[in-house]
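Colleague: Following this message is one structure expressed as structure tokens.
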């Protein structure tokens with residue numbers, strides 16, 4: 001260990017390292033490298049938290065794990081492997097979610113320093129708030145491909161993780177997804193929605209049947225289509241997709257006929273949609289084409305891996321049949337536990353189902369078909385994970401940690417790992433100064449405040465709590481909300497106390513335009529003022545919007561020495577952008593850019609095992625921004641990790 005080698009550290013620093021107690025959140029790509037670095041540097045008291053388990057695809061870069069560890073807890077195996085470097089270290093592993101109430105403010109106060117190696121915005125937001133509440137320094141880090149960054153977050157001295165607004169997730173109008181897709185991503189989004197309608201958590205916004213209220217279909221043609229539908233259904237309310245599928249026994253042929261034949265014929269009857277578009281072509285189960293559209297061969301083979309070959313429509317039909325049967329088996333087992341399936345790009349049956357459905361729909365609408373590999377990348381917004389990037393960033397985290405232990409916070413400037421050298425031939429480039437906190441930050445400012453635009457006559461209390469407070473503002477279940485003017489509590493953290501309010505609309509409880517709500521999050525020790533701005537909801541528009549998201553001020557100009565301030569920045573940060581994904585609940589995301597007058601620095605986060613919320617990868621002017629998704633899951637057999645593009 002470095003602390004045992006004379007001369008490596010000054011005596012005082014050596015003692016600080018030995019006595020410090022540090023928390024590592026995340027045991028993925030960066031987490032493995034970081035834990036190894038900490039142990040070899042002489043840190044003797046370490047706790048690590050990670051809810052994930054080890055997948056085969058992790059083994060090529062997460063070197064603390066081996067084949068025999070597949071399926072086991074990452075945190076616990078990482079501890080066992082790290083102890084081989086230094087058996088005298090005291091390492092405590094928690095196979096748990098850092099968002100759990102087990103890890104409250106008092107828990108965070110036990111540590112000298114917290115280091116994040118996370119993959120999703122929700123967890124990053126939570127750790128950020130817990131460190132602010134406990135006044136413990138946090139070192140945030142992340143990688144995306146060849147790029148990365150490390151930054152210090154210290155209450156009152158630096159900006160926090162949420163000081164910069166996050167870009168909104170790319171979304172598509174429902175009528176485009178359901179009626180008139182024109183791009184592969186539209187078909188992929190539709191296929192993921194179909195998965196949820198059949199096997200997952202049903203969301204009314206993810207309906208897959210033709211949209212009869214499409215503004216483009218209004219008129220005689222639309223009326224005829226609606227009339228024919230009523231006759232076909234005997235003027236009774238149509239059954240849900242889930243119930244219909246269950247009544248048919250999830251028969252693959254019946255499912256195929258409904259979604260790729262009957263529904264398509266119904267769309268064709270809405271003739272106004274096809275005045276300027278090529279109409280779709282319904283498919284018959286027993287006569288599927290055995291060639292890829294636009295190719296002369298039976299199968300478009302690029303000579304690469306199996307997943308990189310584009311399936312014929314006939315192959316898609318066979319994969320559809322196999323995957324439906326397997327998913328039904330899993331769904332039946334889940335129902336016995338009163339659960340449902342969750343789509344995961346690393347689940348073979350789920351990924352096969354989405355790939356097959358997306359390509360079948362693409363063929364119907366004359367859209368270029370994609371390989372399973374490409375669909376997986378687009379469905380999960382995946383970018384490659386580079387082991388060396390993780391190693392470099394983890395090393396920088398430990399260097400920052402050593403500066404923090406010595407209270408040399410001014411030496412902990414944000415550091416960027418570049419894809420290409422700048423004009424000074426630097427690939428690891430620090431800022432010159434720390435970035436000051438944003439005075440209008442909704443989290444770390446003295447009086448955090450947000451303005452929410454929504455329809456008070458239509459949004460229920462339950463929706464407000466789940467969609468606005470929890471999923472968007474990242475508040476915990478332990479939150480109380482009261483109307484400032486009257487003191488009336490409309491949401492209580494005490495179980496059952498305000499349950500009767502759940503189905504009521506905000507207006508029913510006296511929340512009107514201009515009302516101010518006070519949200520107290522007891523777990524995160526965080527209070528937020530919410531100004532309600534009433535707006536009539538629009539079709540295909542968002543249910544709500546954070547109106548002052550873009551009003552945050554630009555940080556004061558800093559001397560231009562950042563990684564992206566050079567003329568080469570655009571080229572360095574430019575990459576082939578991964579396709580955007582559908583509308584998300586969070587965002588998820590996650591690390592936003594610090595903008596100087598002549599530069600935008602690309603900030604990235606490590607995206608280990610996520611089904612891509614909310615990761616922010618601020619970029620140079622020519623680059624896209626990336627964000628990770630909310631749900632940490634093992635990476636698939638592609639050996640790459642995913643992020644959502646914002």
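Glycine is treated like the rest: Cβ placed from N, Cα and C.
TrEMBL entries are annotated by machine, without manual review.
According to TrEMBL, the feature domain 'THIF-type NAD/FAD binding fold' maps to 11-442. What TrEMBL lists as ATP binding site is 26-31, 50, 58-61, 74, 97-98, 119-124. TrEMBL lists 160, 163, 441, 444 with the feature Zn(2+) binding site. Marked as active site, glycyl thioester intermediate by TrEMBL: 175. As annotated by TrEMBL, region 'Disordered' applies to 205-244, 546-646. The compositional bias 'Acidic residues' annotation in TrEMBL covers 205-217, 606-616. Residues or ranges marked as compositional bias 'Low complexity' by TrEMBL: 219-231, 560-581. Residues annotated as domain 'Ubiquitin-activating enzyme SCCH' in TrEMBL: 336-376. The annotation domain 'Ubiquitin/SUMO-activating enzyme ubiquitin-like' is assigned in TrEMBL to 454-536.
Give me the structural setting of these features: burial, nearby parts and distances.
Modeller: Residue environment of residue 50 (ATP binding site) contains 29 other Cβ atoms, counted within 10 Å of its Cβ in all protein chains.
Under 8 Å, Cβ to Cβ, and six or more positions away along its own chain, residue 444 (Zn(2+) binding site) finds 132, 155, 159, 160, 162, 163, 437, 438.
In the three-state DSSP reading, residue 175 (active site, glycyl thioester intermediate) counts as helix.
In terms of DSSP secondary structure, the domain 'Ubiquitin/SUMO-activating enzyme ubiquitin-like' (454-536) contains 19 helix, 26 strand, 38 coil.
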Colleague: Neighbourhood of the Zn(2+) site (160, 163, 441, 444): other residues with Cβ within 8 Å of the Cβ centroid, in order?
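Modeller: Residues close to the Zn(2+) site, other than 160, 163, 441, 444: 132, 159, 161, 162, 437, 438, 442, 443, 445.
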Colleague: What is the total of other Cβ atoms whose distance to the Cβ of residue 160 (Zn(2+) binding site) is within 10 Å?
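Modeller: That number is 23.
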Colleague: Work out the three-state DSSP category of residue 123 (ATP binding site).
Modeller: helix
Colleague: Find, for the listed binding-site residues 26, 29, the residue with the lowest Cβ contact count at a 10 Å cut-off, counting only other Cβ atoms.
Modeller: 29
Colleague: For the domain 'Ubiquitin-activating enzyme SCCH' (336-376), what are the DSSP-based totals of helix, strand and coil residues?
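Modeller: Split into helix, strand and coil, the domain 'Ubiquitin-activating enzyme SCCH' (336-376) gives 23 helix, 0 strand, 18 coil.
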Colleague: Cβ neighbours within 10 Å, counted over all protein chains: which one of the binding-site residues 60, 97 has the most?
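Modeller: When each Cβ's neighbours within 10 Å are tallied, 97 tops the list.
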